[in-house]
Amino acid sequence: MARGDYYSDDGTTDKEMCPRCGDTFLAAHDDRQVCGRCGYTEWE
């Protein structure tokens with residue numbers, strides 16, 4: 001999936017960004033969100 005597919009027509013997105021990297025989306029799993037670049041993990 002292309003990065004542009006995550007944005008709506010008005011330029012907003014519902015996906016969360018990594019607080020460490022800043023320009024990377026967090027991958028949503030069942031019990032956590034993970035940054036594929038630096039490994040940052042948020043447990044739910």
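Cβ coordinates are placed from backbone N, Cα and C, and glycine is handled just like the others.
Quick look at what Swiss-Prot annotates:
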ZN_FING   18-38  zinc finger
BINDING   C18, C21, C35, C38  Zn(2+) binding site
* In the zinc finger (18-38), how many residues does DSSP call helix, how many strand, and how many coil? -> 0 helix, 8 strand, 13 coil
* Asked: Around C21 (Zn(2+) binding site), how many other CB atoms lie within 10 A of its CB?
  -> 14
* Structure fact -> Should one count Cβ atoms within 10 Å of each candidate's Cβ, the binding-site residues C35, C38 would be headed by C35
* Over all shown protein chains, what is the count of other CB atoms within 10 A of the CB belonging to C18 (Zn(2+) binding site)? -> 20
* So what's the mean pLDDT when you look at the zinc finger (18-38)? -> 94
